[in-house]
Amino acid sequence: MVSDKKNLLPSSSRKLNSPRAKETTPLLDNTKPLSSHPKTLANVFIAIVGAGVLGMPYAFKRTGWIMGLLILSFIAASTTYCMTLLVQIRRKLDSYENGTTNISSFGDLGFAVCGTLGRFVVDVLITLSQAGFCIGYLIFIANTLLHLFHDEPSSDLSLSSGMSRFTVKSLYLWGCFPFQLGLNSIKTLTHLAPLSIFADVVDIGAMGVVMLEDLRLIIRRRREVKAFGGVSVFFYGMGVALFGYEGIAMVLPIESEMKDNAKFNKILALSMGLTTLMYGAFGALGYFAFGDKTKDIITSNLGTGWISSLVQLGLCINLFFTFPLMMNPVYEIVERRFSGGRYCLWLRWLLVLIVSLVALFVPNFADFLSLVGSSVCCCLGFILPGLFHLLAFKDEQGCKGCSLDIGIMIFGVVLAISGTWFSLMEILSAKE
């Protein structure tokens, strides 16, 4: 139920609502152990870094390495600022109710500021973004296995004709399908926790191996690279960068679990800075090593040696087991809305089927990153934080603050429309 705040809040905040205690929200953890500064730094890093980094070298190839670094830096700074806006809103609401608002997720915040509609919009966008990440995982797995076991382009021939046209790549996708049904049938994240740790270790290890290989190739041979691309690829690069900073939905849960959360903004800025340095180095080294031959998934550029094969297989296994972890927020939202919050096996299997079908129709990994980043991640990262902050602080921050919030929203809308359009054009042109 929505509590009456007329006697608690000033006029600028009377329209803000407390979240419903009976609703579980995506990415909400009921247990809240307090985290130290180093653990919080690590939590932010893990929440942000994902498979999107593997498409950075290809994005640098499209945008040019200097433009790519500038885009990364700008998106990192802008995303960090918008994350702090969410923290500001939650702290304001907590101050009015002595810390009893229980806002621990993006969905809670959406409900507190905009009511049921706010929660619904956040739920839809988180569902699309998480499903989009998993679609990217399946594309990566299929493309990588195709590269490892079928080097010849002719191997990607259709095995039958007509409406039931299957390719070798699609067979790899469908081969994963029954195993994903089993993994995604697990009710609780507790049993999946070891898989999360394994995924993080493999990610960092694989990136280290790839960067060392890049350095070896750069020392051996310098390739011709470009510094700047055209205007059209600017929006493409923005979309890929936004996909790379995918952790905005986890900011409030992480901040609420920090022991000394007064210093959270500094920890957040430090973690985002380190992540940006890593993304920039990974993207630039990959592009410098392979030049115009840089592929949409950088691991496809690696040789055929056993180390390269182990790295690629390790990443495939990593993303295979990360899939149910990333889909869990989607299951929480869908089961809350369609099965009364109860576990529903057929809903989970239906969602896995839908994600797998979408992955079949997307040919390029990096192009899909740009599409998800430009559309869904842009709304979560810019438009909603600006809107929620404007509604919560409109009578307190003056014209300058309101103008900044409106500017963030306009920037998000322009980027979403332009980036989505250019990304769709890239995907459609790749199919022709």
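From the backbone N, Cα and C atoms, a Cβ is placed for every residue, glycine too.
These figures come from a predicted structure and were not determined experimentally.
Annotation comment: TrEMBL describes 1-34 as region 'Disordered'.
Summarising the annotation, TrEMBL assigns domain 'Amino acid transporter transmembrane' to 36-424.
Per TrEMBL, the feature transmembrane segment maps to 41-60 (among others). Long-range contacts of the transmembrane segment (41-60) within the same chain: residues 35, 68, 133, 136-137, 140, 200, 203, 207, 236-237, 240-241, 243-247, 250-251, 254, 257, 267-268, 270-272, 274-275, 278-279, 282-287, 290, 294-299, 301, 315, 319, 322, 365-366, 369-370, 373, each at least 6 residues beyond the stretch ends and with a Cβ under 8 Å from a Cβ of the stretch.
Annotation comment: TrEMBL describes 66-87 (among others) as transmembrane segment.
Annotation source TrEMBL lists transmembrane segment at 124-146 (among others).
Summarising the annotation, TrEMBL assigns transmembrane segment to 195-213 (among others).
Annotation source TrEMBL lists transmembrane segment at 233-255 (among others). Sequence-remote contacts of a segment are chain residues at least 6 beyond its ends whose Cβ falls under 8 Å from one of its Cβ atoms, and for the transmembrane segment (233-255) they are 26-29, 35, 40, 43-44, 47-48, 50, 52-53, 55-56, 59, 62-63, 67-68, 71-72, 75-76, 79, 82-83, 86-87, 90, 103-106, 108-109, 126, 129, 133, 136, 261, 264, 268, 272, 275, 279, 329, 366, 369-374, 377-378, 380-381, 385, 415, 418-423, 426.
Annotation source TrEMBL lists transmembrane segment at 267-290 (among others).
Taken from TrEMBL, the feature transmembrane segment applies to 310-331 (among others). Counting residues 6+ beyond its ends, the transmembrane segment (310-331) has Cβ neighbours under 8 Å at 26-27, 51, 54, 126-127, 130-131, 133-134, 137-138, 140-141, 144-145, 147-148, 176, 179-180, 183-184, 186, 189, 192, 195-196, 198-199, 202-203, 205-206, 209-210, 249, 299, 302, 347-348, 351-352, 355 in the same chain.
Within its own chain, the transmembrane segment (343-362) has Cβ neighbours under 8 Å at 131, 134-135, 138-139, 142, 170, 173-174, 176-177, 180-181, 184-185, 187, 327, 330-331, 334-335, 368, 427, counting only residues six or more beyond its boundaries. TrEMBL lists 343-362 (among others) with the feature transmembrane segment.
The list of residues near the transmembrane segment (368-392) in space but at least 6 beyond its ends in sequence, with Cβ under 8 angstroms from a Cβ of it, reads 13, 15-16, 52, 55, 59, 78-79, 82-83, 85-86, 88-89, 92-93, 106, 109-110, 113-114, 118, 121-122, 125-126, 128-129, 132-133, 135-136, 139, 235-246, 248-249, 362, 402, 405-409, 411-413, 415-416, 418-420, 422-424, 426-427. The transmembrane segment annotation in TrEMBL covers 368-392 (among others).
Sequence-distant neighbours of the transmembrane segment (404-424) (same chain, 6+ residues past either end, Cβ-Cβ under 8 Å): 78, 82, 232-233, 235-236, 238-239, 242, 367-368, 370-371, 373-375, 378-379, 381-383, 385-387, 389-390, 393, 397. Residues annotated as transmembrane segment in TrEMBL: 404-424 (among others).
Only residues 6 or more beyond the boundaries of the transmembrane segment (66-87), in the same chain, are considered here, and those with a CB under 8 A from a CB of the stretch are 56, 59-60, 106, 109, 227-229, 233-234, 237-238, 241-242, 244-245, 248, 251-252, 255, 264-265, 268-269, 272-273, 275-276, 279-280, 283-284, 287, 381-382, 385-386, 388-389, 408, 411.
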